[in-house]
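Q: Under the heading domain 'G-protein coupled receptors family 1 profile', TrEMBL lists 1-254. Taken from TrEMBL, the feature transmembrane segment covers 17-40, 60-79, 100-122, 142-167, 198-217, 237-256.
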Amino acid sequence: CTVIFTRMVTKDLHKPISILFCNLAFSDLFTSFSGFWISMLFITNPDITIFGSKDMLAPYALYTVSILSTIYNLVSIGIERYLAVAESMRTRFRVARHHSIAVVLINWVLAFFLGCLPLMGWNCLHREENLSVLYSPFCIDYLIFIAVPNVVVAFIIPLFTYLRIIIILRKRKLRMKACGQATGTYKSAEIQVARTSIFIWLLALISYAPFFAGVIFDATNRRCRIDLYPGVYIFRNFTAMLITMNCLGNPMIYTLKVKTLGAKLKALKCLFSSRVQACTI
């Protein structure tokens, strides 16, 4: 909410990358709210989260939509950063504001379409075969269809984009060094991108790898729910907690470390404090 508010009230931050950052924060907020809905269902009626019910279809679908939107936004940010660096010396293409808006709309449409497939009929409410043990009434084939390609997208594309950014910065630094020019700016940029890339990979690995492992276990498991209770469901809740923690890590990595955003947030705080003080006087 802090990221969204700060970017909405500061007009000079309405840039293409800022639109993607704001949309990422909105996706994380959506993930947190849908996860809170599932948590309340677990507290009030834990049996439906274990044995499955029609009431779990909508919360799980919205949770899937929010996770997919977050993944697509992370990939979009990586591609935008690569295009900004790779095309910085050219005039043929620039990432404009309408490009970012189009990407945001495409991300949400794709996330809603894939996430709401169980609401359209791809579920196992009325059949026991192919039923997921961890995420009933979802079907196992649907979970594999959603998890496998999106995990590949979430890991491979950011790896390629950020490695390419580091390689481009290093080549330009060597080129400038050969010409006898100062390379301090490129060196600091290379270090910052490398650190950010490591943080992105670690956060994505910690957040989504256990969930992917749970889906693989669900697909290969042939035991009933009673035999797996309570250990496997504790692990399921743990994976959901890690995904929610990812919603806290994204703003810290992508936005709150940006000096411009921090300065604007501080300015807004000082402005608010001045108004409160003036009203008090």
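Each Cβ is built from the backbone N, Cα and C atoms, and glycine gets one as well.
Bear in mind that TrEMBL entries carry predicted annotations, made automatically and left uncurated.
So that I understand the layout, could you describe where these features sit and how close they are to other parts?
A: Residues 16-17, 19-20, 23, 57-58, 60-62, 64-69, 72-73, 76, 80, 137-139, 142, 146 of the same chain, all 6+ positions outside the transmembrane segment (100-122), place their C-beta atoms under 8 angstroms from a C-beta of that stretch.
Residues 71, 74, 78, 134, 143-144, 147, 151, 154-155, 158-159, 162, 232, 235-236, 238-240, 242-243, 245-246, 249-250, 253 of the same chain sit 6 or more residues outside the transmembrane segment (198-217) yet have a Cβ under 8 Å from a Cβ within it.
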Q: Report, as numbers and ranges, which residues of the same chain sit near the transmembrane segment (60-79): CB under 8 Å and 6 or more residues beyond its ends.
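A: Here the qualifying positions are 17, 20-21, 23-24, 27-28, 30-31, 34-35, 37-38, 103-104, 107-108, 110-112, 114-116, 118-119, 135, 138, 146, 150, 153-154, 157-158, 161-162, 200, 204, 208, 243, 246-247, 250, 254.
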Q: Which whole number is the mean pLDDT over the domain 'G-protein coupled receptors family 1 profile' (1-254)?
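A: Looking only at the domain 'G-protein coupled receptors family 1 profile' (1-254), pLDDT averages out to 80.
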